[in-house]
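Peer 1: The structure follows.
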Amino acid sequence: MAPSGPGGVRRRCRRVLYWIPVVFISLLLGWSYYAYAIQLCIGIYSDHRLRVARMMRDLLWLQVNVRCLQPSLPVSMENIGEQGKIFDDSVSLLSVVSLMVYHLLFAMFVWSYWKTIFTLPMNPSKEFHLSYAEKELLEREPRGEAHQEVLRRAAKDLPIYTRTMSGAIRYCDRCQLIKPDRCHHCSVCDKCILKMDHHCPWVNNCVGFSNYKFFLLFLAYSLLYCLFIAATDLQYFIRFWTNGLPDTQAKFHIMFLFFAAAMFSVSLSSLFGYHCWLVSKNKSTLEAFRNPVFRHGTDKNGFSLGFSKNMLQVFGDEKKYWLLPIFSSQGDGCSFPTCLVNQDPEQPSTPAGLNSTAKNPENHQFPAKPLRESQSHLLTESQTWTESSSNPGKGKAGEDAFVSVLIISVLNGYQGCGRMEQASHRKALLTNYPYIPLAKYAIFFISDVNPTQRYEEF
């Protein structure tokens with residue numbers, strides 16, 4: 001076997017170094033178990049039992065001396081023993097409950113962390129890889145329109161709707177495949193990852209479609225783990241500074257345990273809150289920093305289907321698996337539903353969504369720019385509009401149908417406009433079509449009205 005050379009040695013060294021954060025978290029987790037379960041719960045409980053035994057001994061000695069001096073004074077040994085037993089039982093119950101809750105959170109934390117680390121990221125399927133002939137043709141063609149034409153033919157039957165910033169097909173030269181939607185190449189893993197969110201050094205793995213749910217549960221259970229430790233350790237932390245703890249090794253574990261749990265709680269709460277927001281918007285970390293690009297341009301909410309559907313896309317339909325690190329996400333990772341209307345990759349796009357229709361009244365195409373899902377129901381009557389437009393006996397109805405399509409185009413182009421452009425759209429509708437009722441409703445539709453009321457009125 002030929003030697004791997006210095007390049008192979010460097011790669012192996014990097015792979016070893018990548019595990020350092022994971023080893024650090026594992027050691028910290030093991031120490032926290034020792035500090036909380038052994039030193040705090042069991043150690044403090046043993047200390048309480050010792051204190052109760054000493055209290056019982058002192059009270060017994062006091063009783064003997066009191067009876068010798070004043071035999072008529074009523075001092076009952078049964079009452080003293082009962083009070084000591086109640087105190088001992090309360091401390092024992094608190095320790096048992098704390099240990100049960102702690103071990104539950106500890107087990108879920110370790111389980112989700114393990115799944116996040118050792119779940120292999122999913123890669124694009126064979127359909128997205130170029131054939132040998134397509135690779136040969138692509139190598140012969142120079143970068144440019146001919147190069148893109150080869151990619152367009154290869155991607156004709158693939159469910160891809162995102163593009164590069166220049167509008168080209170997303171292609172990975174390293175993996176020699178057409179990238180599915182939301183797929184990105186990881187430079188650390190050196191492969192394309194489906195629905196890549198980010199490469200996390202704390203798990204030494206790419207967080208993507210196959211383990212994003214596990215990563216969310218890892219953040220959730222680690223946050224609950226730290227909050228629970230900080231809450232139950234607080235009283236002993238206060239007693240440490242008031243000299244209420246015995247001078248043993250346990251008190252230093254208790255102090256550092258509280259500091260570590262409190263600091264990690266702050267950082268984990270912000271990170272977990274950020275990823276909850278990403279899930280509610282159906283975004284990845286990469287898409288939050290750089291909006292996905294479709295044929296019509298960038299659309300930061302292109303994959304958002306509403307809060308409930310966005311949650312189901314990550315956690316799945318079966319609620320019994322939501323809190324368990326068991327894969328239950330929807331889809332295959334290669335294609336995702338969007339809130340776009342026209343998703344035919346062969347259909348030419350119109351950047352503004354308005355100019356071609358407004359300048360050419362005979363062109364009755366639907367706008368190429370997408371509408372939100374809440375607006376898509378306006379296109380469900382497309383067959384009725386087409387029939388009305390093609391019937392010359394219904395002049396008024398046919399004109400209404402045409403203006404209906406024009407209004408959809410105006411609404412389509414209205415998205416993202418400034419206030420001056422919005423006012424221009426409203427003025428154009430009222431000036432050109434003041435006698436058509438749909439124009440009035442369009443003005444109402446694009447005015448500053450609550451969206452729910454707006455759709456119901458329309």
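Any Cβ shown, glycine's included, is placed from N, Cα and C.
Predicted automatically and left uncurated, TrEMBL annotations should be read as such.
These figures come from a predicted structure and were not determined experimentally.
TrEMBL lists these features:
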TRANSMEM  16-36  transmembrane segment
TRANSMEM  93-114  transmembrane segment
DOMAIN    169-290  domain 'Palmitoyltransferase DHHC'
TRANSMEM  214-232  transmembrane segment
TRANSMEM  252-274  transmembrane segment
COMPBIAS  346-360  compositional bias 'Polar residues'
REGION    346-368  region 'Disordered'
COMPBIAS  377-392  compositional bias 'Polar residues'
REGION    377-396  region 'Disordered'
Peer 1: Cβ pairs under 8 Å only, please: of the recorded stretches 16-36, 214-232, 252-274, which one is richest in them relative to the transmembrane segment (93-114)?
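Peer 2: Between the stretches 16-36, 214-232, 252-274, 214-232 has the largest tally.
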Peer 1: Cβ under 8 Å to the transmembrane segment (16-36), counting only same-chain residues 6 or more beyond its ends: which ones?
Peer 2: 102, 106, 109-110, 113, 117, 188, 201-204, 229, 233, 253-254, 256-257, 260-261
Peer 1: Counting by DSSP secondary structure, give me helix, strand and coil numbers for the domain 'Palmitoyltransferase DHHC' (169-290).
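Peer 2: Helix (H, G, I), strand (E, B), coil: 67 helix, 16 strand, 39 coil.
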Peer 1: On the 0 to 100 scale, where does the mean pLDDT of the domain 'Palmitoyltransferase DHHC' (169-290) fall?
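Peer 2: Mean model confidence (pLDDT) across the domain 'Palmitoyltransferase DHHC' (169-290) is 92.
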